[in-house]
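Worksheet: the structure to be examined is printed underneath.
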Amino acid sequence: REEKDEDSQLIYRIERPVYNETLIQAQLLKRKEDTTTNCQKLAEKFQCSSEKAKAAALSFMPILSWLPSYPVKKYLFSDVVSGLSTGVVQLPQGLAYAMLAAVPPVYGLYSSFYPVLLYTFFGTSRHISVGTFAVISLMIGGVAVREAPDSMFMNINATGSNASDAINVELRDKSRVQVAVMVTTLAGLIQIVLGLLRFGFVAIYLTEPLVRGFTTAASMHVVISQLKYLLGVETQRYSGFLSAIYSVKAVLSRITSTNIATFLLGLGCIIFLYVIKVLNERFKKKLPIPIPGEIIVVIVSTGISYGLSLSKEYKVHVVGNIPTGLRPPAAPNISLLPNLVTDSFAIAIVGFSMDVSLAKIFALKHGYSVDGNQELIALGLCNFISSFFQTFAVTCSMSRSLVQESTGGKTQIAGLLASLLVLVVVVAVGFVFEPLPQTALAAIIMVNLIGMFKQFRDIPSLWRTSKIELAIWVIAFIASVLLGLDYGLLVAVTFAILTVIYRTQSPKTSILGHVANTGLYCDVDEYEEAAEYEGIKIFHSNSSVYFANSDLYVNSLKEKTGLNPEHLQAARKAQKKRKEKTNSNRSSPLKICVKYTLIHVAEDQKNGQFGDRHGDSEEAVFLEPFSTVHSIILDWTSATFIDSVGAKAIRQVIKEYAAVDVRVVIAGCNRNLLAELDTLKFFTKDLTTDFLFPTVHDAVLHCQHSNSHPSVANLQDVASSLISLQC
């Protein structure tokens, strides 16, 4: 019953009997009878109707739900501006990230067109920009280099000191494109299958600290891989264990042969792009659209390269041939499949994790929802279908998504227009970018990673808030830097799962006390107001009980309550022996049988504590009660599941305490956990549902009412009378 007192504070008062689970099942709750058979459930599940067909179509192609009601006058201009701005950024990034994927630059343009076009029809996010992304491109490049290393394409008859002269670059690039395409096909297929199976939840295993540590490590790999382009030196590309260290060592060993023109041009591009990035950030509220620094660098550096003939006169490496037009569809090379399954799965999960995390951020900001499973299907279709047109795996890009959102993008139409801008370049003016220096693309890549390196700021923050999450971040970073992105991700996910096991194995346990005039029970060690009931110990653990922590749970119970059944049994046996010895010596003169210290012992045991006995107090042990604690309440409000090992441990501990006259009851057990206990045959003739209570307070009242132990005060009176006995 709700009431209001004089201060208008809500108060509720309830008067009811003390319930245990037996009474609840008999009087209060009755399970609904489910008369539906399994066949009927299956028939209903697969029953087709026009409503279900329409809902399935709208779910599979979200564009059908929003395009018919698209407000042209309200949204079109914003989407056009946003699409063109995003396309201007997407064009140079596509060229640059193709270098990370170890394929010719034109394939970056293909990957910036087909997937973006498809996402318009199947995606649910209105603001993310799908396309090439540094981390995924680097993972693709690592696989391509591993499966098609330079050593496989050496020209036997090559002469000269230039490393590129000794390699059949055309054949090598063709092989690496086949590897990248096959990985993309398989990654897309994995994403589609997971989406259809409603496995969108797999991304939760990539926690935020793990993803941030992993992407920071990936950024390190990206920067290291671009050093040779920035300096204009020829080195082998490494992949796998310690590839970052080998790459740095290779660049440093050739640093004396740095191409000065390449380095100065790249350094100038980095400085310019960084200044533009700072200006865009500082004046983002005043600028109608961000200054397109990347496209300015591409146009200016291309003009300088063409006008000064940097490739011929100064040996500056340029993009080279960019074929005009689109390639016809072609099937991937299936023979490469066996070696790429693990890599494809990692790329599929990482790509989806990036996509859905950013999509949810924008959805929350702008007040709409995204479907994680549909995003998985959409990204899978983008990768799978596009791979037949010679693209490599894609996901959303944070930098481009921020551009699309900040320039006023309202719907997926902005992404569609960005892809059409890339199409124009591919079909008509791709050849214009053939003189583009590779060092300019390296500068674009490096500057775009500044935001990633800011994630190092997470370390002091996590140190203050969560040491375990800090450990996940650090392990993800170190493992990914040293072992490579594929094995690093595996190690990071494994470690993150182990931390969950560690937390459940080492839960926080406490003894609860009642806060006067409330129904609250709190930790007596933490709150002064919480007081224990005499003779009752309330044990709380913030974890479930299962095979990994059942022993720890029982040990913590005995330690926190101060009651160890084995010690109590030993005390009982010792008392029995002393009584027998006393009875055998009745003919001898009587002595004082109880020491004065008995009262102090009883006071100590009032709190359930058993300290070491010293001196003459040992003679009085036969008068000590086994324990002033008569009941233990297990607070299971935090428990969510239990297994057979945990159930056996709890059953055994209840039996052990019953042997020393200490009652153990359970409180706060939820209905699902109760059903699991039934399934595990936890309840027996001796251990019935009478021991289960819906709340801690129900259990406390029951234990107080049914207590038949003498009080400590009575024990002290008995002790006082015995002290006076002399002969």
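Each Cβ is built from the backbone N, Cα and C atoms, and glycine gets one as well.
What TrEMBL records for 95-122 (among others) is transmembrane segment.
Per TrEMBL, transmembrane segment is recorded for 128-145 (among others).
Positions annotated as transmembrane segment by TrEMBL: 179-206 (among others).
Under the heading transmembrane segment, TrEMBL lists 260-279 (among others). Under 8 Å from some Cβ of the transmembrane segment (260-279) lie the Cβ atoms of residues 229-232, 291, 293-294, 296-297, 301, 304, 310, 314-317, 437, 439-440, 442-444, 446-447, 450, all in the same chain and six or more residues away from its ends.
Per TrEMBL, transmembrane segment is recorded for 291-308 (among others). Nonlocal intrachain contacts for the transmembrane segment (291-308), taken as residues 6+ away from its ends with a CB within less than 8 angstroms of a stretch CB, comprise 85, 88-89, 91-93, 95, 265, 269, 272-273, 276-277, 279-280, 314, 316, 318, 432-433, 435-437, 440, 443-444.
Residues 124-128, 130, 133, 135-136, 139-140, 183, 187-188, 190-191, 194, 200, 202-203, 206, 208, 211, 214, 370, 372, 375-376, 379-380, 383, 393-396, 398, 401, 405, 485-486, 489-490 of the same chain lie 6 or more positions beyond the ends of the transmembrane segment (345-364) yet place their CB under 8 Å from a CB of it. The feature transmembrane segment is assigned by TrEMBL to 345-364 (among others).
Summarising the annotation, TrEMBL assigns transmembrane segment to 376-393 (among others). Residues 60, 98, 101, 103, 107, 110-111, 114-116, 118-119, 122-124, 130, 132, 136-137, 139-140, 177, 180-185, 187-196, 199-200, 326-327, 329-332, 347-348, 351-352, 355-356 of the same chain lie 6+ residues outside the transmembrane segment (376-393) yet bring a C-beta within less than 8 angstroms of a C-beta in it.
Among residues of the same chain six or more beyond the transmembrane segment (413-433), those with a C-beta under 8 A of the stretch's C-beta atoms are 70, 75-76, 78-80, 82-84, 86-88, 90-91, 94-95, 105-106, 109-110, 112-114, 116-117, 119-120, 129-130, 298, 302, 319, 322-326, 404. The feature transmembrane segment is assigned by TrEMBL to 413-433 (among others).
Among the features that TrEMBL reports, transmembrane segment is placed at 440-456 (among others).
For the transmembrane segment (471-502), same-chain residues at least 6 beyond its ends with a Cβ under 8 Å from one of its own Cβ atoms are 135, 138-139, 142-143, 205-207, 209-214, 216-218, 220-221, 239-245, 342-343, 346, 350, 458-459, 462, 548. Summarising the annotation, TrEMBL assigns transmembrane segment to 471-502 (among others).
Taken from TrEMBL, the feature domain 'STAS' applies to 526-703.
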For the transmembrane segment (179-206), which stretch among 95-122, 128-145, 440-456 has the most Cβ pairs under 8 A? 128-145
What residues elsewhere in the chain lie close to the transmembrane segment (128-145), defined as a C-beta under 8 angstroms and at least 6 residues from its ends? 86, 90, 93-94, 97-98, 100-103, 108, 111-112, 115-116, 119, 176, 179-180, 183-184, 214-215, 218-219, 221-222, 225, 237-240, 243, 340, 343, 346-347, 350-351, 354-355, 358-359, 362, 379, 382, 392-397, 400-401, 403-404, 415, 418, 445, 448-449, 452, 484-486
Can you name the far-off residues of the same chain, 6+ from the ends of the transmembrane segment (440-456), with a Cβ under 8 Å from a Cβ of it? 92-93, 95-97, 99-100, 105, 134, 212-213, 215-216, 218-219, 222-223, 226, 229-230, 265-267, 269-270, 273-274, 277, 294, 297-298, 301-302, 319, 398-399
